[in-house]
Amino acid sequence: MPSPPASSPAPLPVPVVLAEGAVAPVYARPGDAGADLALTEDLELAPHQRALVGTGVAVAIPEGYAGFVHPRSGLAHRVGLGMVNAPGTIDAGYRGEIKVNLVNHDPERTIRLRRGDRIAQLVVQPVVQADFRPVAELPGSARGAGGHGSTGGFTAPTATPTQTEGQA
């Protein structure tokens with residue numbers, strides 16, 4: 001296993017404005033990629049229902065970076081909570097409240113969430129804008145136009161009742 005780098009890069013300063021009672025984005029553990037985002041109000045989602053919810057957080061992401069809002073894997077696994085648009089993109093120029101479009105994937109159970117519950121994660125990453133140039137033909141590659149399962153893996157994995165959360 002590779003050893004961790006001798007020193008981590010300095011944290012990127014990101015100005016944050018919080019609505020009254022909102023929870024600031026926070027990393028649960030040192031080295032985590034995503035900072036948790038929390039709900040600003042109680043919420044109930046019926047089976048297959050979706051809702052655009054606020055976090056009470058507005059950020060000024062520096063130019064050359066973007067924020068990506070990801071679902072929390074534990075909520076997806078335990079209760080079927082996901083995001084309709086995942087990841088959501090927060091461009092450097094956006095200054096509004098970060099909102100999350102949640103969906104209850106469970107076909108039978110209502111999901112009840114409370115104000116302050118962590119519902120998503122914000123990952124800030126460097127981004128590069130591409131210079132798209134129309135051409136008559138793309139250069140060749142080993143993969144070519146193969147996609148959507150073209151590299152194998154045609155047998156769907158199955159879960160057994162004895163599997164636990166960390167084994168899938």
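Each residue, glycine too, has its Cβ placed from N, Cα and C.
Note that TrEMBL annotation is computational and uncurated.
Small disclaimer: the values here were computed from a predicted structure and weren't measured.
Positions annotated as domain 'dUTPase-like' by TrEMBL: 24-152.
Thr89 (substrate binding site) falls within a strand segment according to DSSP. Under the heading substrate binding site, TrEMBL lists Arg72, Ser73, Gly74, Asn85, Thr89, Ile90, Asp91.
The region 'Disordered' feature in TrEMBL is assigned to 138-168.
For 143-152, the entry in TrEMBL reads compositional bias 'Gly residues'. Within its own chain, the compositional bias 'Gly residues' (143-152) is flanked in space by no residue lying at least six positions past its ends with a Cβ under 8 Å from the stretch.
As annotated by TrEMBL, compositional bias 'Low complexity' applies to 153-168.
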Three states by DSSP: which one describes Arg72 (substrate binding site)?
coil
Inside 10 Å of the Cβ of Arg72 (substrate binding site), count up the other Cβ atoms and send me the figure.
19
Using a 10 Å radius around its CB, how many other CB atoms surround Asn85 (substrate binding site)?
11
